[in-house]
Amino acid sequence: MFRSSFDKNLENATSHLRLEPDWPSILLICDEINQKDVTPKNAFAAIKKKMNSPNPHSSCYSLLVLESIVKNCGAPVHEEVFTKENCEMFSSFLESTPHENVRQKMLELVQTWAYAFRSSDKYQAIKDTMTILKAKGHTFPELREADAMFTADTAPNWADGRVCHRCRVEFTFTNRKHHCRNCGQVFCGQCTAKQCPLPKYGIEKEVRVCDGCFAALQRPTSGSGGAKSGPRPADSELPAEYLNSTLAQQVQTPARKTEQELKEEEELQLALALSQSEAEQQKPKLQSLPPAAYRMQQRSPSPEAPPEPKEYHQQPEEATNPELAKYLNRSYWEQRKISESSSMASPSAPSPMPPTPQPQQIMPLQVKSADEVQIDEFAANMRTQVEIFVNRMKSNSSRGRSISNDSSVQTLFMTLTSLHSQQLSYIKEMDDKRMWYEQLQDKLTQIKDSRAALDQLRQEHVEKLRRIAEEQERQRQMQMAQKLDIMRKKKQEYLQYQRQLALQRIQEQEREMQLRQEQQKAQYLMGQSAPPFPYMPPSAVPQHGSPSHQLNNVYNPYAAGVPGYLPQGPAPAPNGHGQFQAIPPGMYNPAIQQPMPPNLQPGGLMQQPAPPGNPQMMPPMPENQFANNPAAILQLPQQHSIAQPPQIPFQPQPQQIPGQQPQQIPGQQPQQIPGQQPQQIPGQQPQQIPVQQPQPQPQMGHVMLQQHQAPPAAQAPPVTEIANNQVQAVAAAPAPPQNEPGPAPVKAEEPATAELISFD
């Protein structure tokens, strides 16, 4: 059924009926490859067939066998497995296999091999394969460095040569060449006549080795027993079975001392050696210590002999000498000495030395936890056991005794074995703690990065808020600047308006002053007023060419319809207001001139006779009355239906601001509506001249209707122009003639003026 033992072992190792790997069969496969019973090429071909099995368990076990031969069979298998074709086969196998556990195992193997041969250019194909698989998106498991450790020793490759490597005899047809399995060199038949197993290469059966390698391999066992007896020439004549047996390896000479004596001597030498080494190490430290600590160190008890070896097996932790462990735990005692020296040097004043110091009361600087104390005790105990074991082995080697017969060595070995398992548990626990602390450190790093990112975001947010605040402040300043500009413009307009009002007020005051000066000048020129002249018939004075007519033409330039006269009716005041400008008594005011009746219009002056029945109303006036008193022209009687308006002294006109109601001058009465009783001027008698009622004219009736319908609003003519005209008229007027016709009556439509306001 099976062609060879390799096929049988491979079938057992890759059977799908197994629940766990068959490690004995796997190790036998490795031994067969190392012993050259199977070539690496054939072995790898058989394993590839098992890898392509449809059963996932068989495929997984075949990968486990492949991993074992790669780790244990050395360079020949490496050169066979890590070729370019086989690496491409691994990639295709990963793509084609439907089983997840097989795929993960293959990825783990590729990663382990790539890491193990990362520094070797000879196996570049497996590293390229891993790179390609990563590029394709395959996820590799976590790498464990322990899986990538290839520490197994492999047999060297066979060298080739034409002569023997030892005796230099040339190989011929009859003198065949042979290779030593231990060193790999080529030898003749006589130089490779011996055989022995090679456990370090995984070769359990006896194989051909050269004489030099055989002597080197047999020297540790034969040299320990025959170191003092010397080499025996008869050993070569003994059979190989006897030489390989345990009897030949034992000491053949009788022991000079008993086992108990040797044990006691060995323990004594061990204690002396430990004491000497401890003293040598503590000597430089004791020189630096203060005298008190040195004396306390001298009072420490001396070490005692260790207990019997038989107690090691029963109580492994209590087998060590506590005093010896105290000496071996140097770090603890050094720390105690440092603490003692620091406690002694801390007080400023020297304190007296107590007679009996108690070192056990002095606590170390750092208080250790219970787990740390337990681990320290275990480490000290194991260190002591290892040193005792090493010293025992050295003692046996120096005395030439067999180790197999020493029960103390065996007991120490069993004790160290039990301590080793406990040490592994402690190591695992420490590794777990280390990983936990590393995770904490990673989390702290993440927290630190997160805090840095948060601080950066906070800074950006603060910067953003600052920019927003600056933008708002800039907009607020712009708005304030615009408002300030608008307010400045309004202020300038208001100041300009106030300036105009002030200038206008000053102009009005100047006009008033000029008007007053002109009035005073006119009054001064006119002199005192004369009594009114009597009524003159129209026939007594010629109509045209008389001096009075010329005087009227010169002196009355405001009469309507006459050349040189201004239009009738009140003119608007130059200041834009409709208030009445008062004229002092005795001054002719053309603004209140009434329309002349038909008998007094130009061309018909003094043509109508006096009304009969009232001759006494107008006494006769001398003809030269106008010549002596030119102001008498202004005192002519008006119509009988309209009383002469009183002369109101001039008052300054108040300035009116646009948008406000016109203010009335205090003390000024409103003008009297026609039909009321006229007011008389103080100091002057009203004169009534009987005048015939003129025929009503349509134009006058229309004017009177408008005046009755509208409220009376007295308007003053331009004061400056009136004053200038009056001054020119008075200056250029000739002497009045003797026969002066009657003056033109004032307009009858003039409403009644307000009461006279005195300046007193």
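Any Cβ shown, glycine's included, is placed from N, Cα and C.
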Per Swiss-Prot, the phosphoserine among SER302, SER351 is SER302
Candidates SER300, SER546; Swiss-Prot annotation phosphoserine sits on SER300
Around the recorded Zn(2+) 1 site (CYS164, CYS167, CYS188, CYS191), other residues with Cβ within 8 Å of the Cβ centre, ordered by sequence, are VAL163, HIS165, ARG166, ARG168, VAL169, PHE187, GLY189, GLN190, THR192
Of the binding-site residues CYS164, CYS188, CYS191, the one whose Cα sits nearest to the Cα of CYS213 (Zn(2+) 2 binding site) is CYS191
Residues lining the Zn(2+) 2 site besides CYS180, CYS183, CYS210, CYS213 (CB within 8 A of their CB center) are ARG181, ASN182, GLY184, GLN185, PHE187, THR192, VAL209, ASP211, GLY212, PHE214
In three-state DSSP terms, CYS213 (Zn(2+) 2 binding site) is classed as helix
Expressed in Å to no decimal places, the gap between the Cα atoms of CYS167 (Zn(2+) 1 binding site) and CYS183 (Zn(2+) 2 binding site) is 16
Taking every residue in the domain 'VHS' (13-141), the average pLDDT works out to 89
Reduced DSSP state (H/G/I helix, E/B strand, rest coil) at CYS167 (Zn(2+) 1 binding site) is coil
